[in-house]
Amino acid sequence: MSSGGCSIVWFRRDLRVEDNPALAAGVRSGAVVAVFIWAPEEEGHYYPGRVSRWWLKNSLALLDSSLRSLGTSLINKRSTDTVSSLLDVVKSTGATQLFFNHLYDPLSLVRDHRAKEVLTAQGIRVHSFNADLLYEPWEVNDDHGHPFTAFSAFWERCLSMPYDPESPLLPPMRITSGDVSRCSSDKLVFEDESEKGSNALLARAWSPGWSNADKALTTFLNGPLLEYSKNHRKADSAATSFLSPHLHFGEVSVRKIFHLVRIKQVVWANEANKAGEESVNLFLKSIGLREYSRYMSFNHPYSHERPLLGHLKFFPWVVDEGYFKAWRQGRTGYPLVDAGMRELWATGWLHDRIRVVVSSFFVKVLQLPWRWGMKYFWDTLLDADLESDALGWQYISGTIPDGREVDRIDNPQNSPRSLVGYKIQLMKFHFHPFFFFLQFEGYKFDPNGEYVRRWLPELARLPTEWIHHPWNAPESVLQAAGIELGSNYPCTIVEIDAAKARLEEALSEMWQLEAASRAALENGTDEGLGDSESIPIAFPDDLQMDLDYEPERNNANTVRHYEDQMVPSMASSVFRVEDEEASLDLQNSAADSRAEVPINLVNQELRREVVNPGNMQIGRINGTLPQFNVSTGMRNGEDSTAESSSSSSGRGIVPVWSPSASTYSEQFVGEESGIGTNSSYLQRQQQSHQLMNWRRLSQTG
DNA sequence: GTGAACTTCCT
DNA sequence: GGAAGTTCA
């Protein structure tokens, strides 16, 4: 029912015309104005990295040309305030409706909710849809109606839901363009001069854009998918789908992938093609992990900044800039790790297996704070994806709940013996697979050393026998290969045995701290002890790659720009908000005197962004911070203006932040419940935290 | 009812 | 490989 005015279709990470529910609904409602708003400052320190911006630029160009062939074009807006820009577009086009597809990262959840509120208040009808997932997060629950807390159970349920995911929609036949004569389109700049040279190389390997994504999908389905299971262990194989960057920007619909893969599954099942079936299941699992990452982000919106299991709060991370740099540059002395890091820097891509290798090394051997690693991935990966990367790093760090710890996490009421459970859990994650793997098994990813030789030419002449552990090679062999350890290839930055010992120490320290904190809680003493989570917020100042270690970068002027990607210093960001909210926090802490695990600065940081993304104020209601509400209240169309796609159970739901308390996720590491006390702690600690910057931290490490 | 043994689960 | 859930004597 078109009401005279046109409709805005707001594109974000759904850069496709096929199976795009928001676009389809907009087109159905009449004339359409398609809009993309570029407001990267709103992303805070998750300002997209260079390669990611390159992708976006190209993807948008393709979307625009597709829209043009259908009868309209893409209006681009450069903005520091997405919601204001939306309003501007509404006003200049006389639009009466807004259509968009859901996103699930914490910032989008807040921003989109605000957009909906603001536009609705202006009399605009807002409709939002699921275009990114097989099922919306709130559709998938266990038998008790609670969200799942373990991936496997979650995925099993997804695959056996009583109704199938929506069938993919065809692209619109044509689009009637709304009146954009008074709505200008900005020229968006996604790369500066210094970045163009590096980016030029990307185009040789990648083709962004929805139609290319579709080709990549077809290629994969007709080729590598069959061998996916067999090949996916190899670092080098071409068996990956290479769909992840396409998926990140929504150039291809997960539901389309799912449907097509399932067709293959049926065919191969009929043929009793075991390898094919296994491959399909494995590939679907990777789709499932992507779904789960959104699920986690929705249910635990702090999961990109805070461990979901509390014990890691007490892990004494090694805050060592030198280690961090060596890891980034691929100079750790572990060939497989170094090869991976150099490939990442040179190409923006890393095979999934190698991601696990380098990130495990980061967390378990170097024991650097995982958020640094995650941030570096964010800056360098072509398919950087907040939710997926958060899930991945939390997994590597062993902080993903496995479904049993849920009701004991950070809950003072629980019996001390649950500690044992944590302990073992973490020991398992840390010790078991990795050290073994590093020493003996790593080679199965790259049995012939081809991968290492490609990315570490200095090791190319080393016989395969030694290629993964040159430190064991006889001197004569090294000499013959032209290698001098410590000179043209580094000695191991940390030896395995030393790392193992240090890890044991670190873990026991962690348990002591946790026990002490627990004891303090039981005594009603405040705060407890050390909180290593205050580290990860800081990010070293000089995240500059040394140019001589960048194989693909011959131009000395192509210095990477990190200023815009810098994690704000604590002094400059957290405390500004703190000041504004000082009085409130006092109230909160008085009301919430129940002793809590101490402050989590990370939480403060998210809060800063959430409360104040790009200088827009999101109101606090009743003196509390916006909290994420997954309670059932909003299921019943608390939001009457929103209309979900056509999902039978999904109608009326838009992911929403609201001040209402009592969410399931409270059970995790004080996501909500900790806010009040955290703030008060912060306030009291203000002085000391203000002084804390990277340098100071590095001295303590 | 109770504890031992067995099963199942673990991005 | 440890712990919660289940079965069985």
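Backbone N, Cα and C define each Cβ position, glycine as well.
If you look up TrEMBL, you'll see A:Tyr228, A:Thr240, A:Ser241, A:Phe242, A:Leu243, A:Ser244, A:Phe283, A:Asp383, A:Ala384, A:Asp385 marked as FAD binding site. Same-chain residues at least 6 positions away in sequence with a Cβ under 8 Å from that of A:Tyr228 (FAD binding site) are, in sequence order, A:Ala239, A:Ser241, A:Ser279, A:Val280, A:Leu282, A:Phe283.
Annotation source TrEMBL lists domain 'Photolyase/cryptochrome alpha/beta' at A:5-134.
Summarising the annotation, TrEMBL assigns region 'Disordered' to A:629-654 (among others).
Residues annotated as region 'Disordered' in TrEMBL: A:679-701 (among others).
For A:Trp317 (site 'Electron transfer via tryptophanyl radical'), the number of other Cβ atoms no farther than 10 Å from its own Cβ, over all displayed protein chains, is 22. Residues or ranges marked as site 'Electron transfer via tryptophanyl radical' by TrEMBL: A:Trp317 (among others).
Counted within 10 Å of its Cβ, the other Cβ atoms near A:Trp370 (site 'Electron transfer via tryptophanyl radical') come to 24, all protein chains included. Residues or ranges marked as site 'Electron transfer via tryptophanyl radical' by TrEMBL: A:Trp370 (among others).
When other Cβ atoms within 10 Å of the Cβ of A:Trp393 (site 'Electron transfer via tryptophanyl radical') are tallied across all protein chains shown, the result is 25. For A:Trp393 (among others), the entry in TrEMBL reads site 'Electron transfer via tryptophanyl radical'.
Cβ-based neighbour count (10 Å, all protein chains) for A:Ala384 (FAD binding site) stands at 24. Of all the Cβ atoms in the protein chains shown, 21 others lie within 10 Å of the Cβ of A:Ser241 (FAD binding site). Counting only the Cα atoms, the space from A:Trp317 (site 'Electron transfer via tryptophanyl radical') to A:Ala384 (FAD binding site) is about 24 angstrom. Largest Cα-to-Cα span within the FAD-binding set A:Tyr228, A:Thr240, A:Ser241, A:Phe242, A:Leu243, A:Ser244, A:Phe283, A:Asp383, A:Ala384, A:Asp385: 22 Å.
In the three-state DSSP scheme, A:Ser241 (FAD binding site) falls into the coil class. Each residue of the domain 'Photolyase/cryptochrome alpha/beta' (A:5-134) gets a DSSP state, and the totals for helix, strand and coil are 65 helix, 27 strand, 38 coil. Taking Cβ-Cβ distances under 8 Å and a sequence separation of 6 or more, the neighbours of A:Leu243 (FAD binding site) in its chain are A:Ala213, A:Ala216, A:Leu217, A:Phe220, A:Val252, A:Ile257. Note: the CA-CA distance between A:Ala384 (FAD binding site) and A:Trp393 (site 'Electron transfer via tryptophanyl radical') rounds to 13 Å. DSSP assigns A:Trp370 (site 'Electron transfer via tryptophanyl radical') to a helical segment in the three-state reduction.
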